[in-house]
Amino acid sequence: MTNPVSTIDMTVTQITRVAKDINSYELRPEPGVILPEFTAGAHIGVSLPNGIQRSYSLVNPQGERDRYVITVNLDRNSRGGSRYLHEQLRVGQRLSIVPPANNFALVETAPHSVLFAGGIGITPIWSMIQRLRELGSTWELHYACRGKDFVAYRQELEQAAAEAGARFHLHLDEEADGKFLDLAGPVAQAGQDSIFYCCGPEAMLQAYKAATADLPSERVRFEHFGAALTGEPADDVFTVVLARRSGQEFTVEPGMTILETLLQNGISRNYSCTQGVCGTCETKVLEGEPDHRDWVLSDEKKASNSTMLICCSLSKSPRLVLDI
């Protein structure tokens, strides 16, 4: 991670097992430092001691300014992010983070919120539920997990639902005879002013999009985690022109991203997830047509071709001019 976005030095003060293969990590700043505000659904960028940068959702109540808490699932196919956190990170270690950003914000004025979560996708959803509880708003949760051992925050969720009189449907794959969580039913049954949220794996997101396809886009919100890059691998070479650097040009070779190309050539950029799910590397496009492969930008933004995420998106035109 590099400037101009400032980083904050944090210390790991507590590690808690939340469920099987799922830990929460409490991070606190230097004494006397007040952390930037955040809202439910926000994430922070974390720079790990092994050089890897990742984005993780915040799960603590949004009013807290003395700590950030993230919850991380151990991905057996991890390239070093979750595996490092689970196997090597210890209380007392220091990390640097990028302040919170939110691409999955809660609509606090909604008359009713319908929340869907799959696996570790519960993390931003749990943050939202805590905020909805503070507001006294109505909500319902539909949460799918592999099995009972993998349910994060089960006791807290059950208590929150009981206090709010909210519907809490827990779907366990191991007990469902191969059936997937029903998303279409809750969507159809919800009131016409309800706002819908979903965070989960790709299969769940596709089912969610199908279930909400006829709804106005402002009522449908979602966030991916661990997303695979979309689209076919690019075989074409293209040129990136940096408008703010006297038209400096770089060739992006097949198998490379714009971000990787810039970093290899000493051009520092802010980034975190490298998977197109956090939005940290969003960059303004001045000329050319991006090949959008992220999960953050809205369909309207993608159609405008005015901005792109350079960690994953490529180019449909032979030349891209970026506001860098």
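Cβ atoms are placed via backbone N, Cα and C, with glycine included.
Since we're looking at a predicted model, the values are computed, not measured.
Database features, via Swiss-Prot:
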type    : residues                       : note
DOMAIN  : 5-107                          : domain 'FAD-binding FR-type'
DOMAIN  : 238-324                        : domain '2Fe-2S ferredoxin-type'
BINDING : Cys273, Cys278, Cys281, Cys311 : [2Fe-2S] cluster binding site
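Working note on the binding-site residues Cys273, Cys278, Cys311: by count of other C-beta atoms within 10 Å of each C-beta, Cys278 ranks first. In sequence order, Ser55, Leu259, Tyr271, Ser272, Thr274, Gln275, Gly276, Val277, Gly279, Thr280, Asp294, Leu309, Cys312 are the residues of the same chain, not among Cys273, Cys278, Cys281, Cys311, whose CB sits within 8 A of the CB centroid for the [2Fe-2S] cluster site.
Taking Cβ-Cβ distances under 8 Å and a sequence separation of 6 or more, the neighbours of Cys281 ([2Fe-2S] cluster binding site) in its chain are Leu259, Arg269, Asn270, Tyr271, Ser272, Leu309, Ile310, Cys311.
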